[in-house]
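S.K.: Just dropping this structure here.
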């Protein structure tokens, strides 16, 4: 960056001179991007196998999953955000929540599109809310954090489906699922606030945390009340 | 004054240009400094016209403060993000005091002049509505489950449909009723000069916060006992309805008594309608369920070929 700025200065000075004297050699300096591209060449991913690319991205996503599971104030989720993890989690959760066919009158559970819309619109609205309250975090950073923090709830959904498969739905299975969902809901809220709360003014933290709490609470409710149609 | 500002601006620009070579961390800190320098200038620019206006009218300092803030809002064009940030300019303590103010009507104290006046926010109305929507949907589901408990024939299915229905009902109540009320009050104010008038946002704010009492009430409706439900409805209505009436009474006090009475009656009636409608639609009792089941059976018998898609 410093090189670019240094290169810019003579460019500006030259431009101001153009009208007075024809200082044409200035045009030679316009080739600034070429020098900066030289540095990028080392990181070029054009000629690497597709497998490497996919594995590297998956590793980045998996790395962030670990950060969500052990939320210890690291800024890895914030520094280089991506939306692949949230998409993966959201689609998995929506597919798992899909009960029977959409036509059956018995099944009143949330459909795929409803889960999808609730997760994405919910996180967009929460992000806008935190930006409007004066948060310093960027839009996609916040979306990334909120999306990745669904991970505990997706895991809970998997476990709940297993429980429903093994034990027929009764009071015991309900209590087990209640405990699992409550724990994962607490985990999700705790992890996301650990990442997000620092970006807010102190006297508004509760106002930002409350919508996040509500968001995960609703997702947790959908998971808890899920019952597969026979 | 303008020349001074421009001078400082060029100074800032020069400093920033020199800082351009510094590493990122230092550059960030300088940009923060620049914000700090810029902000007071903006404010001094905006206070200019208001100060002039205030010289003409002799008003109290409190009113002056109240007029200053809307002017700041008008200063920013509506497509900027900062314009919308002014609607969320509240902190935790303020929101708490507004919620309690809307729940506990103290005699002679006006909700708007006491809590909102200078700074109507949209945070409260939006999230109170969202909470109420999910509270209605979730407790409606639980109450259906409790009604059927012990029935071997019954298999619990989550009714997600209730969320969409509740969202439509609550959000349209919280936005359309204030819009209609604001339109009506502006029309009346053009005929009869009233001492107090509210802006649209203030009315939205009052309505949004007045819904907050329904959240605990709705949670109480889980208990499948009609007595408890009606009691909580009446209690919630008395509290939030009286806040609404006391808030809007000053604006229509000077109107003809018949019109004033009609407005108050409409406000209260709509509030009652929302509560009773929600209770009737989302919360079922055992008798209701039996009759609806009978009706369903009859429908299925009557139209065996027609299938409705429940989405």
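Backbone N, Cα and C define each Cβ position, glycine as well.
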S.K.: Looking at B:126-148, B:287-309, I want to know which stretch TrEMBL calls transmembrane segment.
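M.R.: Going through B:126-148, B:287-309 one by one, TrEMBL gives transmembrane segment for B:126-148.
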S.K.: Ranges B:14-35, B:36-57: which does TrEMBL label region 'Disordered'?
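M.R.: Here TrEMBL associates region 'Disordered' with the stretch B:36-57.
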S.K.: In TrEMBL, which of the ranges B:88-107, B:168-187 has the transmembrane segment annotation?
M.R.: B:168-187
S.K.: Using a Cβ cut-off of under 8 Å, list the residues of the same chain at least 6 residues beyond the transmembrane segment (B:199-223) that approach it.
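M.R.: For the transmembrane segment (B:199-223), the nonlocal Cβ contacts are 70, 87, 98-99, 101-103, 111-112, 116-117, 120-122, 124-126, 128-129, 131-132, 135-136, 139, 142-143, 146, 170, 173-175, 177-179, 181-182, 185, 229, 232-233, 235-236, 239-240, 243-244, 247-248, 271, 274-275, 278-279, 283.
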